[in-house]
Amino acid sequence: MNSIKKYKPLVKHFRLYSVLGTAHSSRPHFVPPHSPANEDDIDKFKEFIHNSKRLLVITGAGISTESGIPDYRSEGVGLYARSSNRPVQYQDFVKKADIRQRYWARNFVGWPMFSSVLPNKTHKILSDWEREDSLHWLVTQNVDALHYKAGSKNLTELHGSAHRVECLDCKQMISRPELQDMIKGDNPMWYSKSVDMAPDGDVQLSQEQINGFNVPSCQKCGGVLKPEIVFFGDNVPRPRVDFVFDKVKESDSLLVLGSSLEVYSGYRFVNAAHEQKKPIAIVSIGPTRADKLADIKINTKCSEILDHI
């Protein structure tokens with residue numbers, strides 16, 4: 001279930017980021033208000049990491065907000081707080097052509113900005129931990145591929161990746177940059193723009209802006225194309241779930257970074273670690289669904305606390 005094999009068509013595309021480094025861009029940041037970690041928090045976290053020999057890490061959208069990608073739930077700055085717009089539901093995408101038109105038009109406009117986002121300090125530190133054999137496995141709920149860009153290899157993308165596209169009919173997989181070129185070819189006279197990026201890479205467009213957009217279809221069979229991500233209302237594939245449960249069993253401790261764990265797909269692994277009596281640490285701004293299960297909860301941004309290790 002290592003995600004790196006799925007990225008082979010994108011290797012040259014992603015090598016650019018290792019050359020560019022991990023510097024922040026001028027994008028707006030979406031980190032909610034927080035206090036810096038105190039000395040007690042830092043000492044507890046250092047001890048937790050020091051005692052972890054087979055550490056499993058689960059990351060959420062809160063680590064990518066420092067790169068300029070908004071999340072859904074953060075107080076004041078998340079999409080739900082700033083807008084009445086909600087993500088597309090899986091069944092609506094599959095069954096309704098107008099929903100697919102709206103989705104792909106918004107995704108097409110947002111892709112250049114979303115795909116150019118760089119990993120931040122947290123992504124880089126986790127990649128370093130892997131190379132130093134301090135990290136047993138990494139599971140991310142994010143679809144932005146920033147862990148891969150930062151060099152992580154022992155990685156499971158729980159909700160898939162926006163950088164891959166699949167045909168729901170023949171199951172052929174293509175890279176998202178390939179699809180961008182296909183859409184350009186199918187829409188030579190269509191143009192729209194927006195700077196309001198959403199958490200999964202699309203942008204907000206009015207119906208007037210969307211009109212006339214031609215929806216891409218599979219070049220092999222003419223079927224419906226969908227990003228290889230788990231939409232709201234869909235389920236994480238069972239083999240992937242079982243694989244992560246196995247990683248929980250293999251680990252001796254669990255660290256959650258930047259996730260509210262409101263979605264059950266991630267929370268169940270924290271609950272499993274708790275049932276197996278494994279130490280659990282959570283670093284995330286604001287309350288999480290698993291606070292009552294954690295031995296350590298630190299309410300600050302991830303890069304700040306990881307930088308002390």
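Yeah, the Cβs are placed from backbone N, Cα and C, and that goes for glycine too.
These come from TrEMBL:
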type	residues	note
DOMAIN	35-309	domain 'Deacetylase sirtuin-type'
BINDING	60-80, 141-144, 258-260, CYS302	NAD(+) binding site
ACT_SITE	HIS159	active site, proton acceptor
BINDING	CYS167, CYS170, CYS218, CYS221	Zn(2+) binding site
Report the mean pLDDT of the predicted model across the domain 'Deacetylase sirtuin-type' (35-309), rounded to a whole number.
91
Sorted by sequence, non-CYS167, CYS170, CYS218, CYS221 residues with Cβ within 8 Å of centre, Zn(2+):
LEU168, ASP169, LYS171, GLN172, SER217, GLN219, LYS220, GLY222, GLY223, LEU225
Which of these binding-site residues has the least crowded Cβ, counting other Cβ atoms within 10 Å: GLY60, GLY68?
GLY68
So for CYS221 (Zn(2+) binding site), how many other CB atoms are inside 10 Å of its CB?
12
Give the number of CB atoms, excluding that of CYS302 (NAD(+) binding site) itself, located within 10 Å of its CB.
30
Count the Cβ atoms, other than its own, that fall within 10 Å of the Cβ of ASP144 (NAD(+) binding site), considering every protein chain shown.
25
In whole Å, note down how far the CA of the residue listed as 'active site, proton acceptor' lies from the CA of GLY60 (NAD(+) binding site).
11
Find the shortest Cα-Cα separation between CYS170 (Zn(2+) binding site) and the binding-site residues SER64, GLY68, ASP144, CYS302, and name the residue that gives it.
ASP144
Which entry in the list of binding-site residues, CYS170, CYS218, has its Cβ near the fewest other Cβ atoms, using 10 Å as the limit?
CYS170
Counting distance between Cα atoms, which of the recorded positions HIS159, CYS167, CYS221 is nearest SER64 (NAD(+) binding site)?
HIS159
What's the number of neighbouring CB atoms sitting within 10 A of the CB on CYS167 (Zn(2+) binding site)?
19
Going by Cα-Cα distance, pick out whichever of the recorded positions HIS159, CYS167, CYS218, CYS221 is nearest to CYS302 (NAD(+) binding site).
HIS159
Which one of these recorded positions, SER64, HIS159, has the sparsest Cβ neighbourhood, judged by other Cβ atoms within 10 angstroms?
HIS159
Candidate nearest CYS221 (Zn(2+) binding site) in space, where candidates are the recorded positions GLY68, ASP144, HIS159 and distance is Cα-Cα:
HIS159
Cα-nearest neighbour of GLY68 (NAD(+) binding site) within the listed recorded positions, HIS159, CYS167, CYS218:
HIS159
